[in-house]
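Novice: Take a look at this one; I'll ask things after.
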Amino acid sequence: MDYQFKEIEQKWQKFWADNQTFKAESNSEKPKYYVLDMFPYPSGAGLHVGHPLGYIASDIFSRYKRLKGFNVLHPMGYDSFGLPAEQYAIQTGQHPAITTEANIATYRRQLDQIGFSFDWSREVRTSEPSYYKWTQWIFMQLFNSWYNIETDRAEDITTLIEKFNASGTADVKAVCDEDVKSFLPSDWATFTEEEKQIELLKYRMTYLRESTVNWCPALGTVLANDEVKDGFSERGGFPVEQKKMMQWSMRITAYSDRLLQGLDTIDWPEPIKEMQRNWIGKSVGASVRFKIDDLRLTNKTLDSGLPTPDYIEVFTTRVDTIFGVSYLVLAPEHEWVAELTTPEQKQDIENYIAQTKKKSELDRMADTKTVSGAFTGTYVINPVSGERVPLWIADYVLAGYGTGAVMGVPSGDQRDWLFATHFNLPIIQILDSQKEIEVQADPTKEGKYINSGFINGLTYKEAVPFLNNWLEEKNVGKAKVNFRQRDAIFGRQRYWGEPIPVYFKDGLPYLVQEEELPLILPEIDKYLPTETGEPPLARAENWVPTDGGHYELSTMPGWAGSSWYWYRYMDAENNADFASKEAVEYWKDVDLYIGGSEHATGHLLYSRFWNKFLKDLGYTKEEEPFKKLINQGMIQGRSNFVYRINDADGKPTNTYVSAGLKKEYKTSALHVDVNIVENDTLDLNKFKAWREEYANAEFILEGGKYICGVEVEKMSKSKFNVVNPDDLIERYGADTLRMYEMFLGPLEQSKPWNTNGIEGVFKFLRKFWRLFHNEAWEFTVSDAEPTKAELKSLHKIIKKVQDDIERFSFNTSVSSFMIAVNELTDLKCNKRSILQDMVVILSPYAPHICEELWVQLGNDAGTLSYTAFPTFNPEHLVEDEFAYPVSINGKMKMNLNLSLTLPQPEVEAILMTNEQFQKFLDGKAPKKIIFVKGKIINVVV
Ligand code: ANZ
């Protein structure tokens with residue numbers, strides 16, 4: 001029979017499903033291998049050809065590893081909470097669960113068609129209560145934990161309470177809020193339960209904090225930064241305000257250092273590691289306190305309830321420049337600005353603050369040229385030099401970084417230099433090697449300090465530790481490490497997410513009882529905030545905690561469910577645990593993770609954080625969750641265009657000119673649906689039928705054809721360049737699609753989709769099928785011994801594919817398969833022993849056709865998934881003949897083809913009977929014949 005891909009593919013997909021062929025064993029003697037794909041958000045649009053790229057690669061690897069004797073876990077699921085389903089619900093009233101269910105069904109159908117070897121018995125959906133029960137459970141563990149700096153790990157909150165009982169805050173070293181109290185054990189004993197809870201909340205790994213959010217009153221919701229453009233909502237264009245709200249936060253900063261260190265132990269793409277390093281942003285420097293001079297405001301408390309400040313603390317990475325400080329700057333939002341402004345300067349400062357409110361933080365960071373600021377009227381004292389310097393505010397200082405205050409060193413920093421020059425502030429030269437003011441000086445290359453009091457004559461390396469010690473001794477500062485990373489906000493005022501398992505009583509948060517989990521997302525009538533601006537969950541009726549009070553109304557953010565899902569796959573059905581101890585011990589971590597790079601500082605950072613946390617509490621084993629990561633490139637769209645001719649007035653006509661002739665006309669390029677174009681040739685009838693406006697279109701053709709223009713763009717509906725895998729599978733089959741997607745180029749590279757070459761891959765598979773069939777398409781293989789040439793072809797491809805897959809170079813194997821099949825076709829090879837091994841080698845790429853041939857070869861029991869990958873034998877690649885250069889008295893005379901197995905006496909015998917050689921000898925007898933096997937024959941006469 002000819003290659004009937006449709007029947008074959010359906011048959012094997014059914015076989016795999018019926019027999020649960022890819023179900024990973026929970027207990028196995030085999031070594032484990034865990035291959036994970038980033039699970040998809042099931043959107044309404046379904047899959048396009050770009051989506052499966054990574055899945056195909058991971059599937060090839062999984063199938064290969066099974067053949068190599070591993071117990072492979074290769075699961076799939078859905079990240080099914082999220083905004084699109086909720087937006088759709090708002091517009092249509094359709095419950096997001098229903099939309100989600102329908103979308104998942106489409107995804108599943110599409111995934112099944114591609115023939116993935118997923119273990120569907122372990123499927124997870126983050127929006128299912130049986131799953132989010134454990135997301136909520138992890139939240140509870142976080143709430144019940146604190147970070148102990150001494151042990152450098154998260155611990156149960158009870159160990160903190162024990163410390164409070166035993167010695168108060170004296171030996172507590174924690175990552176916690178800044179406003180924690182200092183107290184003695186006797187104080188703690190007198191705290192009311194409420195006071196204790198307030199204090200403990202400042203230490204918990206998840207805690208409530210007032211944070212600024214983008215609030216859009218018209219939409220009644222909080223928006224993410226990327227949903228806001230220039231102060232307006234991206235959707236609808238409504239004004240967005242900054243609003244302070246109490247929000248749940250995750251103390252990810254406790255792990256900043258471990259998140260950095262871990263990067264050195266994992267095999268991830270360097271750019272992703274670098275993005276995480278920058279995001280965490282570790283800076284080694286010092287904090288220094290500048291005393292406020294002329295303190296007019298004694299014995300007063302600020303509106304915020306804090307006592308009047310008597311110093312400003314700055315964070316600097318260049319404490320060595322402290323003698324060059326000529327002013328201090330606060331961020332305009334700094335909490336003490338109003339208090340520290342003198343009456344004379346009040347107007348200036350207020351005007352300036354009003355002006356900066358218009359700029360976003362990003363704009364402020366990006367702008368390195370504009371100089372602006374205002375003087376508070378107040379002065380501070382440099383603790384090291386004793387100099388009195390003015391205190392300014394300026395928007396180049398960000399409130400959220402360091403201490404929100406900097407010391408201005410015009411001779412050390414470009415920005416400070418601009419600022420000082422603009423406002424006529426002194427510039428103090430501090431290094432002897434500076435001929436003029438050298439901005440952004442590299443301290444390690446610079447000379448010795450001058451005008452710098454007691455560090456005069458020291459170098460940078462000497463000055464920094466010296467100053468740090470000095471500051472600490474005098475209690476005016478100390479060495480400090482600062483991180484750019486902030487704690488992560490953990491909550492949004494939306495419906496379609498995990499309810500946070502917390503209720504409030506008397507204004508304080510309490511966890512629900514563990515037995516109450518999952519705390520089910522309640523039904524509501526409308527998916528919008530209430531009229532008073534409360535989140536949608538406020539609409540839920542009869543949703544009241546057993547203890548009274550009210551439940552938390554925000555839900556978890558999109559990243560909650562995906563921050564631990566790889567553990568659930570290890571033991572997806574467990575009702576008593578997020579995964580059993582045994583399962584976690586066996587599967588440990590993900591060996592290979594494939595997914596997009598857009599998750600660099602989101603999912604991939606949060607997952608590492610939760611992983612470390614779960615390990616600290618002893619629930620899991622590994623410090624890092626994903627040993628190796630590969631980012632697959634984006635598949636871009638390949639758009640096609642038609643060229644509509646415009647008349648002399650620029651008005652559109654109804655005539656379309658082929659791309660090669662368009663220069664002669666005035667035209668407009670219009671996107672045309674790539675599905676009615678083949679090899680860049682437009683199907684004219686389909687075009688006319690495509691849209692009403694083209695029904696009467698006329699064409700100017702070249703060579704009888706209409707050739708379309710081409711451009712590479714993002715794959716998107718609006719560009720009519722979306723290629724759907726379903727159509728290609730219908731036409732060529734999944735095996736062709738799988739191989740073709742790999743053939744497009746290196747996995748990590750972004751590349752345009754181009755269907756033009758798919759035919760070639762299809763032909764290859766048909767040619768492969770042909771090897772097993774005679775002219776009449778009857779299955780015929782021979783049991784004869786393979787020839788040397790056949791064995792050589794086979795072993796070449798065994799080695800190549802093995803090496804390629806181990807290097808994750810999937811594209812290069814495809815062309816090697818083609819070469820091998822061509823060679824075997826030329827050799828007219830239909831030997832069972834060769835073809836059977838070929839079937840196994842090709843099966844990770846094109847599993848359906850290979851399964852079918854495997855059975856036809858007589859392996860009646862079915863699937864080849866667990867057979868062994870053929871062993872490479874280098875002997876078959878060894879060349880058995882060699883063209884020996886023959887030289888006489890050191891001069892090369894001729895070549896002689898000889899078997900490499902021949903020993904010297906035989907070589908000599910053959911040589912002496914060779915006519916050509918006899919001619920060169922010219923009657924002389926050789927005195928000596930030097931023979932080096934596989935290299936040379938040297939004759940001395
Ligand atoms: C004095 C100085 C002299 C500085 C010098 C630099 C060079 P990174 O590496 O990013 O941590 N800074 C501190 N807090 C700031 C804030 N909230 N907004 C804007 N700038 C801030 O850089 C830390 C340096 O950035 C600090 O060291 C401080 O300027 C500034 F020759 O202090 B430096």
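Including glycine, each Cβ sits where the backbone N, Cα and C put it.
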Novice: Under TrEMBL, the annotation motif ''KMSKS' region' belongs to which of these stretches: 124-128, 714-718, 754-758?
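Specialist: Checked against TrEMBL: motif ''KMSKS' region' maps to 714-718.
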Novice: Provide the three-state DSSP residue tally for the motif ''KMSKS' region' (714-718): helix first, then strand, then coil.
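Specialist: Reading the DSSP string over the motif ''KMSKS' region' (714-718) gives 2 helix, 0 strand, 3 coil.
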Novice: 10 Å Cβ neighbour count around K717 (ATP binding site)?
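Specialist: If we count other Cβ atoms within 10 Å of K717 (ATP binding site), we arrive at 10.
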Novice: For the domain 'Aminoacyl-tRNA synthetase class Ia' (11-144), what's the model's average pLDDT?
Specialist: 95
